Amino acid sequence: MKAICIVAGEASGRIYFKQGAPDEPVSITGYLLNLPRGLHGFHVHEFGDTSNGCTSAGEHFNPTRQRHGAPDAAERHVGDLGNVRSAGCTALTAIHMSDNVITLFGPLSILGRSLVVHTDRDDLGLGEHPLSKTTGNSGGRLGCGIIGVCAN
């Protein structure tokens, strides 16, 4: 199955998701534009509503009620994809990652939910800030889009 997310906002781009079967990892590829230099939190959020500056997307997708964590942590939200690194606003930020927790199949599917790129670095739940265990203290929302099925 394949899915696409058209990211819009201060940051924009296209992100593609591909998963061959429910028990296989999801390949995440694409690009983002206009990202300030540095690391930016990158998460699937619970709702496919991208209005109000992406705030209507809700919290990180967390159907299993876990603490926030790194993509490779034993405990994490389903939507915790870590960080993307940008070389600066004039550079294209290429996205190439794989994730074993998100899925395009079944009741925990990310289809119809939103993808959000944040203003700040995700501390992966390891920081001292009170928001570390829920959002990774990753700040505001630079861009977002709805994850939808695309043609093969």
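For all residues, glycine too, the Cβ spot is worked out from N, Cα and C.
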Same-site residue for Cu cation (record: Swiss-Prot; known: HIS43, HIS45, HIS60; options: HIS118, HIS129): HIS118
Per Swiss-Prot, the disulfide partner of CYS54, chosen from CYS5, CYS144: CYS144
In sequence order, the binding-site residues (HIS60, HIS68, HIS77) whose C-alpha falls within 10 A of CYS144 (disulfide bond): none
Integer Cα-Cα distance in angstrom, HIS45 (Cu cation binding site) to CYS54 (disulfide bond): 10
Residue among the binding-site residues HIS43, HIS45, HIS60, HIS118 whose Cβ has the most other Cβ atoms within 10 Å: HIS43
